[in-house]
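> Let me begin by handing over the structure; questions about it come next.
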């Protein structure tokens, strides 16, 4: 069924001056601009406008959240909604003064450490599943992905009990280990897909030179898959930063992360909508910015490397 | 047979059975080779096994014992009693049904919306990059923030934006999260997952080679015919992938249910993850919640193995093409 000829050595559509497909212009997204073009541009304009409208509808809740975060509480919870107001930074100041800092720090530590650990474990594993493959490569890949199907809730109780016996409840290390396990299968799949793109000649040349495995890895392979490492890290950061379930059940005062802080602003102090919105903006901002900047890597990461 | 040393060549990569027939005299050498291949894999493999399989084995162990932290009389081996109990538990059946309903509805709607949006974005228009950026934002928002945004800012009965909007056309105030809890959750989930579907499908559309489409239009195919007979078959792999991955994530939905409805009113909108959580951490019934966990895993494995085999074939076909 897939008659696609896009498995050429340069699969990423953007920088492909390879000229393999003659019709493909340098602008990657204009593959033989739709047949509609022949029928005048009115439909085209309308469809463009439609895309804008839908895009704005999807974005509207986010825009509303940002808007609310600059309001006073009385303006935030008004009926009819307040659209015109003098923006204030009071809510952001209140959030930062209320001790959000320690939660942010916990999130940063858990996210950064788990992502690093994932990369350290996943890169060699992906190597052993692509460039110098073990015998049962397919089975191992299948095993990794099947663990993602395991509902987390089915293992939370034993994890809670084990962590309790090891005196690791409310400990960042527990979150780091679990986030690593959570992201590792995705990372292995992703890194494998990047390794598979390394041309065989490069590796052959390195092995003829008699370079050791570690040296080949460091000097030849890693530079070539560096964009892949970045994409993998991005995905791990997104999932770890946003994780809520483990944090809810396994942390308390010491190791709680940003999602827990968000929840506590809602439940413990009644409803301060403007302040909650400001906290939500702060909590979401790192991942939103990262995702905006790295949209292409995002696609590849979300599909675990299967979509380029 | 002497070329067994040609490891790492392109031929041996990616194939399921790398040819490594051992030379008869070098059995030890080939074993060494096998281990040197396995070594880089082991840390990750062992890590995942320890973190996922051992807790699951413990879950099975718990599921065969009666253990309730509220009852002091201790625990004992009860065999399959927990399983019988949960199947008699109508809340469990309801939660299972909700899980299926929420997953199906969310994946289906998000897929259709995502496909439509991907088609819209697969053409040039002014500010396309901006629209794409706007559209992926819901996926990047922290799910906890998204859940609260929907349950309060959007769906609140008195000052929510949605009720204000429908009041403009004269529809009375609706208490969304109490009157239509499952619907409200599905809306929040669709909002979050449509960008995911859109991104994958858009990548699929953009990997289409232009000449095929051009040829079709030269042959006088209508846009619909082109879509139906060329684009859709090409997209099949991408659709399968986004459905499978989307379903994996959505079936485990917890954040939205916990924060928007807390499974309520009553247990009307509880799905399996939420109900199991409730029984374990609020009801302290470890045996039964473990049994539910086991049932969930078995069901997930059955369903996903079928789906996974399918997608695995597609990925392999694609890698080899």
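Yeah, the Cβs are placed from backbone N, Cα and C, and that goes for glycine too.
When I checked TrEMBL for this same protein, it listed these features:
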type: REGION; residues: A:1-37; note: region 'Disordered'
type: TRANSMEM; residues: A:46-67; note: transmembrane segment
type: TRANSMEM; residues: A:103-128; note: transmembrane segment
type: DOMAIN; residues: A:104-294; note: domain 'ABC transmembrane type-1'
type: TRANSMEM; residues: A:140-160; note: transmembrane segment
type: TRANSMEM; residues: A:172-191; note: transmembrane segment
type: TRANSMEM; residues: A:220-241; note: transmembrane segment
type: TRANSMEM; residues: A:272-294; note: transmembrane segment
> Out of A:46-67, A:103-128, A:140-160, A:220-241, A:272-294, which stretch touches the transmembrane segment (A:172-191) the most, going by CB pairs under 8 Å?
A:103-128
> Grab the same-chain neighbours of the transmembrane segment (A:46-67) for me: Cβ-Cβ under 8 Å, and only residues 6 or more beyond its ends, written as numbers and ranges.
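Same-chain residues near the transmembrane segment (A:46-67) but 6 or more away: 277, 280-281.
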> Using a Cβ cut-off of under 8 Å, list the residues of the same chain at least 6 residues beyond the transmembrane segment (A:140-160) that approach it.
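Contacts of the transmembrane segment (A:140-160) (Cβ under 8 Å, skipping residues fewer than 6 from its ends): 129, 134, 169, 178, 181-182, 184-186, 188-189, 192, 245-246, 249-250, 304.
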